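All remarks here apply to the structure that follows.
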Amino acid sequence: MEKTIKQWLSRMKQQLGNKVRSMEQNSAQETVMLVEKTELPDVCYFLWHEKKGRLFTMVGNDERDIHGFFALYYVFSFDSFRHFITVKTLIDPLDPTFPSVAVQLPAANWYEREVKDLLGLRPQGHPDPRPLILHGDWPEDLHPLRKDFPLDRHAPRVQSREAFMPYDSEDVTEIPVGPIHAGIIEPGHFRFGAVGDTILHLDARLFFTHRGLEKASEGMPLEKALFLAERTCGVCALSHSTAFAQAVERLGEVTIPPRAAYLRTLFLELERLYNHIGDVGNVCAGFGFAVGVSQGARLKETLQQLNERVAGHRYLRGVVRLGGVRIDITEREKEEIAQTLAYVKKEFQELVDLLFSHDIAMNRMATTGVLSLEHANQLEVVGVAARASGRSVDIRRDQPYAAYDQVSFHVPVYEVGDVLSRVRIRVDEVLESIAIIEQLLHSLPSGDTFTPLPPLPPYRSAMGWCESPRGETVHWLMVGPDQTIYRYRIRSATYSNWPAVPLAVKGNIVPDFPLINKSFELCYACCDR
Amino acid sequence: MKSEKEQTADLRWTLQKRMKEVLGRSLHIRHVDSGSCNGCDFEMNTLTNPIYDIQRFGVDFVASPRHADMLMVTGGVTRHLEEALIKTYNAASEPKMVVAIGACACGGGIFGRTYANYGGVDQIVPVYVYVPGCPPRPEAIIEGILLALKRYEQLSRNKGEKMH
Ligand code: SF4
């Protein structure tokens with residue numbers, strides 16, 4: 001494999017010729033190509049379009065106090081090689097612009113708007129110049145992720161630069177919804193352009209829960225930042241803490257003990273389980289199927305109580321420590337997990353049979369909110385939504401971590417891309433998760449539960465990733481010389497998937513929006529940070 | 001000692017009893033996510049699941065602040081949600097019992113004060129009761145409701161005394 005990767009990389013270097021200034025290994029799994037910013041779009045497009053790399057994440061960084069420049073990192077994942085290629089470019093502070101990659105590579109859209117807002121690096125020719133992370137009343141010339149911007153500085157509110165899609169026709173009704181919604185849901189502002197009942201266009205203003213997490217992490221000791229990482233999101237808490245810990249461990253070139261890897265995998269699947277089962281129940285609320293809602297909520301509660309008994313926290317916070325896990329399980333707890341899962345499996349099957357044999361439920365779910373494979377690929381959609389549209393990505397299988405290479409599991413894929421497919425994926429994955437946990441419980445190795453960390457190399461980057469219940473989550477980390485965080489960037493599944501929602505709702509009726517939205521089950525907190 | 005189940009059951013019966021005593025009617029709550037990590041929100045949601053099911057005691061989460069006796073706020077108030085929180089607070093009817101749910105709402109939590117976060121609900125609107133936890137367990141949220149009722153009872157008694 002290593003040889004083929006070397007050959008593959010050197011072929012690529014030849015093909016790109018002098019577009020690439022230098023190429024070096026950042027780690028066994030990651031190669032960094034340094035390019036001039038003018039070559040950025042070509043090289044990225046080549047990696048994405050010709051070489052079929054997936055845009056994994058993109059990070060902007062203020063490295064002026066290291067070498068005088070800003071830096072951009074476009075990371076591509078090559079799943080078949082289990083390798084990453086990062087395209088890096090340096091940007092002169094005197095000319096903080098770069099040619100937009102998003103023109104050719106739609107999935108880069110949000111990332112580039114984000115570096116514009118937070119770092120003041122302007123993508124030239126970008127198809128959507130509106131503000132994204134910071135709302136329109138934030139002063140245009142203040143960029144909080146620059147190192148010279150103090151963490152707690154409150155900027156004055158200015159005249160808003162925000163704009164929504166203008167409709168010139170009287171036939172189009174604009175329906176504004178949110179940011180505060182009728183139920184207990186996360187905030188977002190949606191603007192439907194509707195003709196009668198049919199949605200013509202959905203515009204959204206998001207990032208309401210932007211708390212400045214990444215900025216707050218800078219200068220934080222890693223142990224404390226772990227707490228911050230797992231508070232990125234409530235229901236993906238463990239996925240985030242795992243991804244962060246992995247980034248730290250990769251930087252320190254530490255391998256965690258097998259028992260710790262198994263335990264992480266076990267708890268990660270417990271996290272997927274309570275989410276997926278709760279989500280299947282929640283989708284039922286989209287068509288008023290109260291039995292389904294209650295059953296889903298009850299089983300979710302059963303699983304969360306199991307979490308609390310075994311790990312000490314209903315949302316599995318505190319399970320991970322840097323270098324391993326903090327929670328070990330006893331024989332009795334193994335037994336308890338097995339028993340609870342056997343019960344949940346039976347009850348869940350009943351719920352699923354009921355749901356899938358209900359004509360009205362099936363009618364509402366089938367053909368509603370279709371996301372095409374083409375759109376899913378263009379936008380680099382991940383997780384449940386990707387797999388429901390025929391896009392087979394699952395980072396547990398594609399770039400295995402923890403103990404995922406020690407268990408066998410099947411990654412379900414459906415083709416249609418409607419609400420029903422997304423529900424089916426969750427149903428199948430629930431059964432897979434239970435099967436994974438059974439395997440782990442059978443073969444749980446004995447031994448230590450953590451490895452101590454060495455001092456970490458400053459100003460080098462590393463990534464950690466995790467298939468959260470909503471899809472792939474990537475944490476990109478750079479540590480400073482004092483062993484605190486220099487830059488930390490979280491790219492959650494929702495960040496990749498939200499841009500697909502407006503495409504999936506197009507042509508559907510407004511009353512189906514809540515259903516479609518629920519079937520994507522995006523969480524804003526980890527998107528907004 | 002009572003089992004966990006029995007303790008939870010007790011708590012719910014106390015809630016029902018106290019609501020009758022203090023309010024003489026049901027209690028309507030409006031939720032405001034002012035920038036939480038959604039952990040607190042999900043624990044609030046839990047209160048309506050078949051295990052806790054506080055709706056059967058007459059406590060409900062309502063869609064409009066105008067129908068609400070109580071606001072439950074999660075999150076430390078982001079810059080982007082400040083306006084929404086203030087508007088909701090203004091729209092709520094008296095006595096505007098604001099219950100801050102979770103470490104973030106109580107004092108900013110681990111995020112604290114940043115360029116995008118005020119670091120606590122009481123930076124923006126007056127808070128009636130603080131419920132700590134990250135997130136607080138469903139029982140703790142019920143306890144928070146009870147404390148708010150107590151506070152309401154005391155305040156209205158004081159008011160009553162002054163009036164006589
Ligand atoms: S208190 Fe904890 S659970 Fe609640 S919003 Fe804050 S971080 Fe999330």
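Placed from the backbone N, Cα and C atoms, the Cβ positions cover glycine too.
TrEMBL lists A:E214, A:I490 with the feature Mg(2+) binding site. The feature Ni(2+) binding site is assigned by TrEMBL to A:C233, A:C236, A:C523. Among the features that TrEMBL reports, Fe cation binding site is placed at A:C236, A:C526. Taken from TrEMBL, the feature domain 'NADH:ubiquinone oxidoreductase 30kDa subunit' covers A:35-153. Sequence annotations record features per position, and here TrEMBL assigns domain 'NADH-quinone oxidoreductase subunit D' to A:296-450, A:458-529.
Sequence features, as recorded in TrEMBL, placed on the structure.
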residue : record                 : CB count, 10 Å
A:E214  : Mg(2+) binding site    : 21
A:C233  : Ni(2+) binding site    : 32
A:C236  : Ni(2+) binding site    : 31
A:I490  : Mg(2+) binding site    : 23
A:C523  : Ni(2+) binding site    : 25
A:C526  : Fe cation binding site : 29
Separation of alpha carbons, A:I490 (Mg(2+) binding site) and A:C233 (Ni(2+) binding site) (Å): 11
Subset of A:E214, A:C236, A:I490 (binding-site residues) with C-beta under 8 Å from chain B: none
Separation of alpha carbons, A:C526 (Fe cation binding site) and A:I490 (Mg(2+) binding site) (Å): 8
DSSP-derived helix, strand and coil totals, residue by residue, for the domain 'NADH:ubiquinone oxidoreductase 30kDa subunit' (A:35-153): 35 helix, 36 strand, 48 coil
Residue among binding-site residues A:C236, A:C523, A:C526 with Cα closest to the Cα of A:E214 (Mg(2+) binding site): A:C526
A:I490 (Mg(2+) binding site): secondary structure state under DSSP, collapsed to three categories: strand
